[in-house]
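Below: one structure, written as structure tokens.
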Amino acid sequence: MQREKIAIAYSGGLDTSIMIKWLKDKYDADIVAVTGNLGQQKEIENLESKAIATGASGFHFVDLKKPFVEDYIWRALKAGALYEDVYPLATALGRPLLAKALVDVALEENCTMLAHGCTGKGNDQVRFEVTFASLAPHLKVLAPLREWEFTSRESEMDYAIKHNIPVSATKKSPYSIDENIWGISIECGVLEDPMVAPPEDAYQITTSPENAPNEATVVEIEFEQGVPVSVDGKKMAGLDIINRLNELGAKNGIGRLDMIENRVVGIKSREIYEAPAATILHFAHRELERLTLEKTVFQYKKNIAQDYANIIYNGTWFSPMRTALDAFVDDTQKPVTGMVRLKLFKGSVTLLGRQSPYSLYNESLATYTEADSFDHKAAAGFIQIYGLGLKTFSEVHPAK
């Protein structure tokens, strides 16, 4: 009888490290570990040897950086997608791509099951499993963290120690960290108390604003149809742009976020994020839209931004709704071309200037100097018509 084969999403962290042995023992199955590279800086080296030593029979390392930037991050940026107006969705954006990569490997390896290391009260279980259902509904899905005997990260670490499984978490510093090029999420430990300020050791890449340089960094970012194409006049690939802005932003203490957010499963959670490049690019992109988008489009697009952010956060990336919103967003971005100049200083991003060949700002209409070309006399008739409805209402319903 042919053995079962399980493809697991493997990060090398605590949960997925012990999951290899746990699944192998429980299902007497071959384990294929799949790691996707989304630009994370840590835990990439030696992952294959670690997975094999832990019990995996196969390992796939999939470089997803380019599609992550071009097909996911840029789409979210153009949409202005910030979950609950704060979170740039780094982890959430990566999940559908990682899930797709896992499905691709599972089909290639003739696996019968898929497994992920998401908790039973988190968002990621929804994101992975909804994607699995969208792309490979015939494959059985396993979620060990919803059924195994471990009740805390401490008990998981005890299991890892017992079976000589190397992990980076410790009982003294039990942070759960997820990282990709668009940002880092940090949770667990003392961070679960919303009144406790994040300890400095929780932050992975950003300098404390208080310790950031005393001299500001000025940066110019150029966009073409809503997509960043250069930094300080130098044309770059998307991946290089994000890396450069992460470097500049982190040095200047940009992108530290601390929020209480509403999870898909109905609970509130306290999340710490580091997202220097995302913070800078969303700010710059929004300011360029202010300059180039017609008023009603600019205002309505705020609603689309929230809808798009919810789609990403809630795990329905592979949906007709997202495809439909992309069509709207892409049309709005046709004039979003130009340059934005910013100042990065001790945790803050300040606008210094912006320009575009499609700018709707007309200085001769806006100025209060002798160059003013606005017809002031036209305002009287406009106001009379504009306020006619309220005037009529007040005549029927006089104020008391």
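Yeah, the Cβs are placed from backbone N, Cα and C, and that goes for glycine too.
Database features (Swiss-Prot):
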- A9, Y10, S11, G12, G13, L14, D15, T16, S17, G117: ATP binding site (BINDING)
- Y87, N123, R127, S176, S185, E261, Y273: L-citrulline binding site (BINDING)
- T119, N123, D124: L-aspartate binding site (BINDING)
State which of the following binding-site residues has the fewest other Cβ atoms within 10 Å around its Cβ: D15, D124, E261. E261
Nonlocal neighbours by CB distance (under 8 Å) for A9 (ATP binding site), same chain, sequence gap 6 or more: T16, V34, G36, L98, A99, L102, A115, H116, G117, F128
S176 (L-citrulline binding site) sits from S17 (ATP binding site) (Cα to Cα, rounded, in Å) at a distance of 14
Does DSSP put D124 (L-aspartate binding site) in a helix, in a strand, or in coil? helix
If you count the other CB atoms within 10 A of the CB of N123 (L-citrulline binding site), including all protein chains displayed, you should get 20
Would you count the other C-beta atoms found within 10 angstroms of the C-beta of S176 (L-citrulline binding site) for me? 17
Binding-site residues near D15 (ATP binding site): from T119, N123, R127, S185, E261, Cα within 10 Å gives T119
What other residues of the same chain, not counting A9, Y10, S11, G12, G13, L14, D15, T16, S17, G117, have a CB atom within 8 A of the CB centroid of the ATP site? M19
Y87 (L-citrulline binding site) to D124 (L-aspartate binding site), Cα to Cα, whole Å, comes out at 15
Cα distance, E261 (L-citrulline binding site) to D124 (L-aspartate binding site), nearest Å? 14
Distant-in-sequence Cβ neighbours of Y273 (L-citrulline binding site), under 8 Å, six or more positions away: Y87, P88, A90, G183, I184, S185, I186, G255, R256, L257, D258, M259
Distance between G13 (ATP binding site) and S176 (L-citrulline binding site) at the Cα atoms, whole Å? 9
Should Y273 (L-citrulline binding site) be counted as helix, strand, or coil on the basis of DSSP? strand
